[in-house]
């Protein structure tokens, strides 16, 4: 499919918003008294996770999960698979799930359900991008970077068939007539 990528959210805007999210998260957890774990959902969240964890000024651990509901195309599937689980125990800890983009909410709902069974002290979600118009499952999201329209986006860790993760901005994929 011939396509091009148009800048939707520039790099500077992303950096500024992540700094603000870091301040909000720090404020929320600074007096918790519990250990905190940021759980990045791979692969898409890796850039966001790296930048966000430097902005959160509360001592925290970092762990990762891989959950997938995407094939190689441009739409989500309802089937959610856990491909990599956490390495650490989260019982009694403040857990913040860090996601790149929330679309249908199916993947995040499943991950949240799995993690809640492990008895964390608290469980919250932070996403860089939110597509509320695509939501099929109501998932509580405490920290949102940007709400965006129903566009297929890439960049800043988000891919299209494993391409474009390297872009420093969020771009909109535009299909071209062939």
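The chain as shown is numbered from 1 upward.
Any Cβ shown, glycine's included, is placed from N, Cα and C.
Taken straight from Swiss-Prot:
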BINDING   43, 44, 165  diphosphate binding site
BINDING   99, 103, 104, 105, 106, 107, 108, 131, 159  GMP binding site
BINDING   99, 103, 104, 105, 106, 107, 108, 131  IMP binding site
BINDING   99, 100  Mg(2+) binding site
ACT_SITE  103  active site, proton acceptor
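Structure coloured by features recorded in Swiss-Prot.
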| residue | record | DSSP (3 states) |
| --- | --- | --- |
| 44 | diphosphate binding site | coil |
| 99 | GMP binding site | strand |
| 104 | GMP binding site | coil |
| 131 | IMP binding site | coil |
| 159 | GMP binding site | coil |
| 165 | diphosphate binding site | coil |
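Cα spacing between residue 104 (GMP binding site) and residue 131 (IMP binding site): 8 Å, rounded to the nearest whole number. Neighbour count (other Cβ atoms within 10 Å of the Cβ, all protein chains): 17 for residue 165 (diphosphate binding site). Sequence-distant contacts (6 or more apart, same chain, Cβ under 8 Å) of residue 43 (diphosphate binding site) comprise 66, 157, 159, 165. The most densely surrounded of the binding-site residues 103, 159, judged by C-beta neighbours within 10 angstroms, is 103. Taking the C-alpha atom of residue 99 (GMP binding site) as reference, the shortest distance to any of the binding-site residues 44, 105, 107, 131 belongs to 44.
Residue 106 (GMP binding site) has a Cβ environment of 20 other Cβ atoms inside 10 Å.
Taking the Cα atom of each, residue 100 (Mg(2+) binding site) and residue 108 (GMP binding site) are about 11 angstrom apart.
Report note: the diphosphate site is defined by 43, 44, 165, and the residues of the same chain whose CB lies within 8 Å of the CB centroid of those residues, excluding them, are 42, 45, 46, 47, 100, 157, 158, 159. On its own chain, residue 44 (diphosphate binding site) has 99, 100, 101, 157, 158, 159, 165 as residues at least 6 apart in sequence with a Cβ closer than 8 Å to its own Cβ. For residue 105 (IMP binding site), the count of additional Cβ atoms within 10 Å of its Cβ stands at 21 [all protein chains shown]. Here the Cβ of residue 107 (IMP binding site) has 26 other Cβ atoms within 10 Å, regardless of which shown protein chain they belong to. In this structure the alpha carbons, written CA, of residue 131 (IMP binding site) and residue 106 (GMP binding site) are 13 Å apart.
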